[in-house]
Amino acid sequence: MSVGFIGAGQLACALARGFTAAGVLSAHKIIASSPDMDLPTVSALRRMGVNLTRSNKDTVRHSDVLFLAVKPHIIPFILDEIGADVQERHIVVSCAAGVTISSVEKKLMAFQPAPKVIRCMTNTPVVVREGATVYATGTHALVEDGKLLEQLMSSVGFCTEVEEDLIDAITGLSGSGPAYAFMALDALADGGVKMGVPRRLAVRLGAQALLGAAKMLLDSEDHPGQLKDNVCSPGGATIHALHFLESGGFRSLLINAVEASCIRTRELQSMADQEKVSPAALKKTLLDRVKLESPTVSTLAPPSSGKLLTRNPAQGSKKE
């Protein structure tokens, strides 16, 4: 099996690092395309031994599982470019926030009648094999296609299938969740420093506290509120700290953050549907170079046989 990434940014880099660390894929079985070969993430992929190219079409030709790892507003343009190269063997996995299965299928069906599309939402902790991933399969994807993706993503953390209408909300929960945690850790460390704890130690202790709390929750059947209560002694320091958090609207802020991320995800889908790109986004993503077909760099591997090693499409069955 070979895996391709259209887009060589943070997500592609994290997944490639996770897959190789887990031992499920060798670096030479991975290819990523980017119009900009000077990106730090491209350099990191190169050091891993991942094949690199400027041509999105070459990425399609050299892969079986194809991850669309670009910004949502770029997806329609990418699909127009690569659609003619997508074959029956390909599993097209969209990782773009808000981009629906139907919108990807509609674009690809202009080139072939039954594209196999899966929508996926993961997060950056896949790099340390502690990711949180959900996916939903499209109209023409086989049951085996979903299981193959689940096997791949389970090697870098937790992965489960969900109904597609949950994915926008999950984007706000676990997709954006690591950013909330990093902000909280930064603030916790600042609090420690304010009270005299050295910065390095404050960061380590804060991170360990959150890691331990998460592991306690995952290893138990207790409600988070019960585990919180277990830390609070009557009249103690922790309950006073929690009262201060409550007075600042701590819970409401987190709830509203998940909601805001979910709403923005749906806005991004609307932009993608309209094939609308703001001037700032156009400049940032170098859209004119995304469509540029250039010769591949020297690390490009020879073409694969075009068949998945772990499944036989002829034996697959469509999802009921």
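Numbering starts at 1 and runs along the chain as displayed.
Cβ atoms here come from the backbone N, Cα and C positions, even for glycine.
Residues Ala8, Gln10, Leu11, Ser34, Asp36, Asn56, Val70, Lys71, Asn230 are given by Swiss-Prot as NADPH binders; from Ala97, Ala207, Ala209, Ala257, that same site also lists Ala97. Compared over the binding-site residues Ala8, Leu11, Val70, the count of CB atoms lying within 10 A of a residue's CB peaks at Ala8. Within 10 Å of Leu11 (NADPH binding site), judged by CA to CA distance, lie the following binding-site residues from the set Ala69, Cys95, Ala97: Ala69, Cys95.
Cβ-based neighbour count (10 Å, all protein chains) for Ala97 (NADP(+) binding site) stands at 23.
A 10 Å radius around the C-alpha of Val70 (NADPH binding site) takes in these binding-site residues out of Ile6, Ala8, Cys95, Glu164, in sequence order: Ile6, Ala8, Cys95. With respect to their backbone Cα atoms, Ser2 (N-acetylserine) and Gln10 (NADP(+) binding site) stand 20 Å from each other.
Among the listed binding-site residues, namely Gln10, Ser34, the Cβ with the most fellow Cβ atoms inside 10 Å is that of Ser34.
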